[in-house]
Amino acid sequence: MGTRLPLVLRQLRRPPQPPGPPRRLRVPCRASSGGGGGGGGGREGLLGQRRPQDGQARSSCSPGGRTPAARDSIVREVIQNSKEVLSLLQEKNPAFKPVLAIIQAGDDNLMQEINQNLAEEAGLNITHICLPPDSSEAEIIDEILKINEDTRVHGLALQISENLFSNKVLNALKPEKDVDGVTDINLGKLVRGDAHECFVSPVAKAVIELLEKSGVNLDGKKILVVGAHGSLEAALQCLFQRKGSMTMSIQWKTRQLQSKLHEADIVVLGSPKPEEIPLTWIQPGTTVLNCSHDFLSGKVGCGSPRIHFGGLIEEDDVILLAAALRIQNMVSSGRRWLREQQHRRWRLHCLKLQPLSPVPSDIEISRGQTPKAVDVLAKEIGLLADEIEIYGKSKAKVRLSVLERLKDQADGKYVLVAGITPTPLGEGKSTVTIGLVQALTAHLNVNSFACLRQPSQGPTFGVKGGAAGGGYAQVIPMEEFNLHLTGDIHAITAANNLLAAAIDTRILHENTQTDKALYNRLVPLVNGVREFSEIQLARLKKLGINKTDPSTLTEEEVSKFARLDIDPSTITWQRVLDTNDRFLRKITIGQGNTEKGHYRQAQFDIAVASEIMAVLALTDSLADMKARLGRMVVASDKSGQPVTADDLGVTGALTVLMKDAIKPNLMQTLEGTPVFVHAGPFANIAHGNSSVLADKIALKLVGEEGFVVTEAGFGADIGMEKFFNIKCRASGLVPNVVVLVATVRALKMHGGGPSVTAGVPLKKEYTEENIQLVADGCCNLQKQIQITQLFGVPVVVALNVFKTDTRAEIDLVCELAKRAGAFDAVPCYHWSVGGKGSVDLARAVREAASKRSRFQFLYDVQVPIVDKIRTIAQAVYGAKDIELSPEAQAKIDRYTQQGFGNLPICMAKTHLSLSHQPDKKGVPRDFILPISDVRASIGAGFIYPLVGTMSTMPGLPTRPCFYDIDLDTETEQVKGLF
């Protein structure tokens, strides 16, 4: 450090400053790369002020005392220690760059210069936020709140006038960034004796250290603190009392001031001395320190002629050491921040359950538990306030910026929940997922996150009801989970239908206008000038037209640019609706007079079948989502080339509609553990998995020893196969364990039991013990275990136990599952008792996750489309071969010719059987799998063959669930969801 430190206080009186800064000026001051290098004469200070030269005289108000070298040795020691600690932190964390922010309201830059110099010596970065002197309290607080939520800033100090130091301003600071120790929380911890957990006022600490370094024994000394207020007064009193001193605080206008000054061994001035108080009231030999706010801010000098007391400590010593101790606090703040970024067990307040028997309805259970405020949950799991967007009290969106903040954090363990071929009633994968995370976090104290799909309102009002889990293992509030949530599906519907409208509108306009008229409307005159938009320039580049001036295109280029020449018979993009409506499966559009006879047959799909939903589920960033949306192929032109959303010029608008939907939704389980609900593609007509982004964020938040449990739709043959071959390819993530959910009910069905129909009471075979049916049906469980083993991932079977299941049936299933190759098989009782009922499953999953995964894909994406379809049909479904319809073969040829042959396959098939026939239970054999059609989701990144007759728009049953759904108009409570 050498000669630089003595230069800092060459002047205590500053020359007149230039006019105040603008309303807000942020001046970043990057730290120097080295430590010592002496200060050079004429070196420019912050904001263009010249530092004092070595030869400049010190102000006459600085009275002798100890030599500058002796004074600076204390500061040098503090700064050197801070520098060494920071260097060690950066050795282990090279990307760590601690930043101190200083909010300055005024034009006096003395303290600013001191802080800058010392920060440079220690290796810190400083950002100054310069505000005018007349800034209001509200303006100061606004700046504080911005810095509080800036993850790049690790410490915050205020350099403002004393009249702005209100409780409201001081307590606006985040305690963990309050390096001056002025907030009530830091002061409270200091008073309580937890100095190691808080920041101590650098000024108060400087006073103590200077006294002790000067050889003053504080034990038994009478300390008088005069004119101090607020945080400084409290900190001084607390620190002096810790040293055994008798401390008294007094104000300047107190009657007994003269006698108290006369009795004191040490006097600490907390505010400027009034002119009428003579210095002669202080006994010669008394140690005096000036800590007044005006002096520390450089606004006043030493005042009238001085008495040289025997134990005088120079005022500038307090300034300089306080600044050094602020740097020390700053380094401590950075160290604490790094520690917070490392894996730790969450300090999660779990909600207690009081299970009832018989188990009430799902909505009664949900309503009986009061959820935590979602901002509290977010803080518990390590999210920052600026990383969440709160919707009401119980749900929030999480911003993708958390991935950047935690990019160096190791991922947790990744668990997939799949199932055997289900009954139409479902076998409880969501319930198992939630029960498992409740067991891990609430009962085993392991960080865990559930990642679930958002349910479509179609099935919610149709046949299935809610999808928030069930019993004492569900997401709450379940009515918010099952209905609109945060509007993601509505955003998808709007974006999808905007694109559909753009397609038909473009066909109409191209069919009714000349090339020139079309071009002039696509590139209109604005203020006499034609300009291409950004997306139009991209289309020109795609067409090989290297021009940017609309007036320079030839007639041929104008025609090429203006006409997409869409072949209506090749349009694959359909309108969508989030309602089960069978009468929209085939419609005619364009029959109005204004459409001039340009009508065609079309259809509606369920909203979650939209390719935009698949894009949302597979994207990993906003930029990636925009690129995927632009690549979506909606049709072919009349020469057989693909037409994309980019060609239609609608990509930017789609991205705007989806910009909030890309953020995962945070909710909680009944026991207060975190859940991400994000994206909800169907598993039979899409890839059936929640979003990649939700999984990636959750894996960072749980830490290396934590668990993220996500669910794949329907049976392992559908949802799990697509999870591995599509989602894992897109995300680059590798699962550690598969949990395979089975029920005695479903196994009895596969063993030859009567058909199971939604809304119809179960036959006695399902409610009474029947060992033979269970044993025969375990063939389906064994097949699904074998499918899992194709991918090299250990599998744990979770038997979701119903109240009618017997011990003999349960034991038989677990035994046969282990014989089939399962790592373990565990009965689960979470539905009736919550996470406590899945503790054995949680332990089995932890043990399985400790084993090495030998994950592998089922096929190479570079092989031909037909071969990939055949591999899935034979290896997963057990088919003898496949049969392509002429239409399917033509589509495969077209997609291959267009360059899409290297995409993975997403089979659209019934979920009720391993085959294409829903009534074929167990393990069908020797069947030929018919491929009736093949479609492409180029933006999502897969080809999807349609197996047999697959509807992409469900219908309502005779008695839909909406018969039971109602609203209490007095309490506004939803009734009838189950």
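Just so it is clear, glycine is given a Cβ too, placed from its N, Cα and C backbone atoms.
Among the features that Swiss-Prot reports, compositional bias 'Low complexity' is placed at 1-10.
Residues or ranges marked as region 'Disordered' in Swiss-Prot: 1-71.
Taken from Swiss-Prot, the feature region 'Methylenetetrahydrofolate dehydrogenase and cyclohydrolase' covers 31-348. Averaged across the region 'Methylenetetrahydrofolate dehydrogenase and cyclohydrolase' (31-348), pLDDT for the predicted model comes to 78.
Taken from Swiss-Prot, the feature compositional bias 'Gly residues' covers 33-45.
Around Lys189 (N6-succinyllysine), taking its Cβ as the centre, 19 other Cβ atoms fall within 10 Å, counting all chains. According to Swiss-Prot, the N6-succinyllysine annotation covers Lys189 (among others).
For Lys189, the entry in Swiss-Prot reads N6-acetyllysine.
Taken from Swiss-Prot, the feature ATP binding site applies to Thr423, Pro424, Leu425, Gly426, Glu427, Gly428, Lys429, Ser430, supported by similarity to another entry. For Pro424 (ATP binding site), the count of additional Cβ atoms within 10 Å of its Cβ stands at 16 [all protein chains shown].
Residues annotated as N6-succinyllysine in Swiss-Prot, with similarity to another entry given as evidence: Lys596 (among others). Lys596 (N6-succinyllysine) carries neither a helix nor a strand DSSP state and counts as coil.
Taking the Cα atom of each, Lys189 (N6-succinyllysine) and Leu425 (ATP binding site) are about 56 angstrom apart. Minimal Cβ crowding within 10 Å, among the binding-site residues Thr423, Ser430, is found at Thr423.
Cα separation, Gly428 (ATP binding site) to Lys596 (N6-succinyllysine), rounded: 52 Å. Counting in whole angstrom, Gly426 (ATP binding site) lies 48 from Lys596 (N6-succinyllysine) by their C-alpha atoms.
Of all the Cβ atoms in the protein chains shown, 24 others lie within 10 Å of the Cβ of Glu427 (ATP binding site).
Put simply, Thr423 (ATP binding site) is 49 Å from Lys596 (N6-succinyllysine) when counted between their Cα atoms. In the shown protein chains, 11 other C-beta atoms lie within 10 A of the C-beta of Lys596 (N6-succinyllysine). Least crowded of the binding-site residues (Gly426, Gly428), judged by neighbouring Cβ atoms within 10 Å of its own Cβ: Gly426.
Counting only residues at least six positions away in the same chain, the Cβ atoms of Arg745, Val756, Ala758 sit under 8 Å from the Cβ of Leu425 (ATP binding site).
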